[in-house]
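Student: Please find one structure pasted underneath; my questions will follow.
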Amino acid sequence: MEKTLNRIHPVSDPEAVYFLQVSWEKDLSSGFGIILTDGEHAWTGAVSEADISREAADMEMNREKYVEELKQALLQGEESAGKYNFTVSVDEENTQCHFSYERNLRDGSNYRKILAFWTIDNPHILIFLQEDEQCLDSVRSDEENDSVVFRLGSLKLQKVSRPADVVKELIGYCLDCLGGLQVKNEHLQKENERLFCDLSDVEKRLEKCVEAKEELEADLYNRFVLVLNEKKTKIRSLQRLLNEAKESAVDTKCTRDSITTTQMAKVKENDYDGSTEEESENLIQSSLPSVLLKD
C-alpha cells in the first residue's frame, strides 16, 4: 500500500494545521483512504472506485482528468498551495468531520458558458461552467477570499476512538520515510563521490591529452618548418638552374647566329672572288684574237 502525508491549512481557518494521510493500493483511481488529524482528534474515511466514477459522472467530467485533479489536490501537498483549497467542518461532539477539497479558479481559467442559481441551504452561488462543449464542475463563489472555486469532492469522516494510535502511526510513517530518505541520501552521496572520482580521472586524462596534443602540434609545426625551408631551398636552386639554362640558351643562340653570319660572309666572298677570276679570263680571251690578227 502506498501512502502520502501532507500538511494542510483549511480555508475556513488558515491558522489551523491538519495532517492529511492518503493511502491507496494500486492507483488512486481504484479508491483511497483518508486519515485527518489535528494532533488531538483524528477522523478517517474512504472513497471507493464507484464513488470516483459517480463524482466524475455528476460533474460531466472525463474520469481520467478527474483522477488527475484528485492527485494534484490530495498528493502534491504544499506544492499545490493556492491552487487547491480544503474545507474542514467538525460537529460539536467531534464525532463527524465534513472534509471537502476544491479547485481554486483564481488563476484566470477561461470558460464559455456560465449558469448560476441559488440554493436554499447555502447562501453562496453555485455555478456550472462549460469549456469546449464539456461541463467541468459545480462551482461556488467564495466572497471572503474574492475567488471562485469548484468542488472536486467531499466526504464525511468518522471519529477515531483512539487518536493517539493514529498519531503514532503517522509518526512511524514519517520516521520510515526519513529512514528511507537517509538511505537514499547515503546512496546518492556515495554515487556522487564516485562521480567526482570519475570526473577527477577524466580531468587528469584530459589534461594529458591536451599536453600530448600541444606536443604533437609543436612537433608537427617544427617538421613543417623544416620541410618548408627545404622546399624553399630546392625552389631557389631550381630557379637558379632555370636562369642558367636560359642564359646558356641565349649564349648558344648568339654563337650560332654569329657562326651563321660568318659562314654567309665567307660564301659571299668566295662568290665575289670567283666572279672576278671569270671576268679576268674573259678579258684575256677577248684580247688574244686581236693580237693574233696583228701578227
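A Cβ is built for glycine as well, from the same backbone N, Cα and C atoms used for every other residue.
Whatever TrEMBL says is automated annotation, not expert-curated.
Pasting the relevant annotations from TrEMBL:
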type: DOMAIN; residues: 18-108; note: domain 'XRCC4 N-terminal'
type: DOMAIN; residues: 162-238; note: domain 'XRCC4 coiled-coil'
type: COILED; residues: 185-248; note: coiled coil
type: REGION; residues: 265-295; note: region 'Disordered'
type: COMPBIAS; residues: 272-281; note: compositional bias 'Acidic residues'
Student: Take the domain 'XRCC4 N-terminal' (18-108) and average the pLDDT across it for me.
Tutor: 84
Student: Under the DSSP assignment, what numbers of helix, strand and coil residues are found in the domain 'XRCC4 N-terminal' (18-108)?
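Tutor: Result for the domain 'XRCC4 N-terminal' (18-108), in helix, strand, coil order: 30 helix, 38 strand, 23 coil.
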